[in-house]
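A.B. asks: Quick one: the structure is below, questions incoming.
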Amino acid sequence: MGVCGYLFLPWKCLVVVSLRLLFLVPTGVPVRSGDATFPKAMDNVTVRQGESATLRCTIDNRVTRVAWLNRSTILYAGNDKWCLDPRVVLLSNTQTQYSIEIQNVDVYDEGPYTCSVQTDNHPKTSRVHLIVQVSPKIVEISSDISINEGNNISLTCIATGRPEPTVTWRHISPKAVGFVSEDEYLEIQGITREQSGEYECSASNDVAAPVVRRVNVTVNYPPYISEAKGTGVPVGQKGTLQCEASAVPSAEFQWFKDDKRLVEGKKGVKVENRPFLSRLTFFNVSEHDYGNYTCVASNKLGHTNASIMLFGPGAVSEVNNGTSRRAGCIWLLPLLVLHLLLKF
């Protein structure tokens, strides 16, 4: 649809037959194009949506009548406007140039425009094609998603523009891994926790700056205890047991000793829970406090636990991830092996 396609006067916006009646193209005379040095319109005109397009036609003093047409619709004939569209204005009508301007160009203005002239001999025409470029726009994109580890996901990013924009997906957090897809659709099979974070969709077509939208992907997984730290503390001193767990959603922590849960508020003991960390603090350690404690981390997807020792000085030499060994066993074992070798 051209510039007059949506608003016209029935008695003015005429087809080419009407133009023949104006003697620009006399009935029965074939229209010639490109067989003379005039009229000479511009080459293809490319403008961005919303800008103004100027259509120029070079003529000379042999021209008696001149007009601009959009397909079969007359826009201007000489100084007379034949189209009601207020965006179409006459810029110049001289012996050497006949120019019009289309303001605030839109995509429906795209198409062929013809400069038609009448001389003493015969009519001539010259054609120019108006190309309208449109900045990229993302019209549809997936919402933020929460999914369990191991499942499949599909992200969608639909963009429009002229020329058709190129769509790319990029994983930008927590670790930038570069482009992951050059397509409107991003498929991830068996997603892992490392693939969580923000995914950026970019649409570009060199008409304007790329447009960017982001989707946040949350990958849920059961707790994993990454550190279970015991400690050796003399009687009467302050001691802390620490348990760290990675999980999404964040883990909830509980502490047990001899199958009994330790609760906040017990005299001399404090339980401090954070999203990925729990501390069990003894402000005045007694002999009764020594022993094995169990840290339990859980969320809706599962749970895990680790054993941690609170011990006196010299009682335990190594505590890590819920394992402990008596210090005496560490140095007695080499002596026992040496004794057996000497005996035999």
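Each residue, glycine too, has its Cβ placed from N, Cα and C.
Note that the structure is predicted; figures quoted are calculated from it, not measured.
Dumping what Swiss-Prot says about this protein:
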- 39-126: domain 'Ig-like C2-type 1' (DOMAIN)
- Asn44: N-linked glycosylation site (CARBOHYD)
- Cys57-Cys115: disulfide bond (DISULFID)
- Asn70: N-linked glycosylation site (CARBOHYD)
- 136-218: domain 'Ig-like C2-type 2' (DOMAIN)
- Asn152: N-linked glycosylation site (CARBOHYD)
- Cys157-Cys201: disulfide bond (DISULFID)
- Asn216: N-linked glycosylation site (CARBOHYD)
- Cys243-Cys295: disulfide bond (DISULFID)
- Asn284: N-linked glycosylation site (CARBOHYD)
- Asn292: N-linked glycosylation site (CARBOHYD)
- Asn305: N-linked glycosylation site (CARBOHYD)
- Asn321: N-linked glycosylation site (CARBOHYD)
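In the displayed structure, how are the listed features positioned relative to their neighbours?
C.D. replies: Each residue in the domain 'Ig-like C2-type 1' (39-126) gets a DSSP state, and the totals come to 3 helix, 52 strand, 33 coil.
Listed in sequence order, Val128, His129, Leu130, Ile131 are the same-chain residues six or more apart from Asn44 (N-linked glycosylation site) with CB atoms under 8 A from its CB.
Cβ neighbours within 10 Å of Cys115 (disulfide bond), excluding its own Cβ and spanning all shown chains: 26.
Across the residues of the domain 'Ig-like C2-type 2' (136-218), the predicted structure has a mean pLDDT of 92.
Secondary structure at Asn152 (N-linked glycosylation site), taken from DSSP and collapsed to helix, strand or coil, is coil. Around Asn152 (N-linked glycosylation site), the same-chain residues at least 6 positions away in sequence with a Cβ under 8 Å from its Cβ are Glu187, Ile188, Gln189, Gly190, Ile191.
In this structure, Cys201 (disulfide bond) is part of a beta strand by DSSP.
Within 10 Å of the Cβ of Asn216 (N-linked glycosylation site) there are 13 other Cβ atoms, across all protein chains. Classification of Asn216 (N-linked glycosylation site) by DSSP places it within a strand.
In the three-state DSSP scheme, Cys295 (disulfide bond) falls into the strand class.
Just so you know, the Cβ of Asn284 (N-linked glycosylation site) picks up 13 other Cβ atoms within 10 Å once every protein chain is counted.
The Cβ of Asn292 (N-linked glycosylation site) has 16 other Cβ atoms within 10 Å, all protein chains considered.
The number of other CB atoms found within 10 A of the CB of Asn305 (N-linked glycosylation site), across every protein chain shown, is 18.
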A.B. asks: What is the interatomic distance between the Cα atoms of Cys57 (disulfide bond) and Asn284 (N-linked glycosylation site), given in whole Å?
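C.D. replies: That comes out at 97 Å between the alpha carbons.
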A.B. asks: In the three-state scheme derived from DSSP, which category covers Asn284 (N-linked glycosylation site)?
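C.D. replies: Its secondary structure by DSSP: coil.
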A.B. asks: In angstrom units, rounded to an integer, how far apart are the Cα atoms of Cys295 (disulfide bond) and Asn305 (N-linked glycosylation site)?
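C.D. replies: A Cα-Cα distance of 5 Å.
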A.B. asks: Most Cβ neighbours within 10 Å: which of the disulfide-bonded residues Cys57, Cys157, Cys201, Cys243, Cys295 is it?
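C.D. replies: When each Cβ's neighbours within 10 Å are tallied, Cys243 tops the list.
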A.B. asks: Cys243 (disulfide bond): which of the recorded positions Asn70, Cys115, Asn216, Asn305 is the nearest Cα neighbour?
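C.D. replies: Comparing Cα positions, the closest of these recorded positions turns out to be Asn305.
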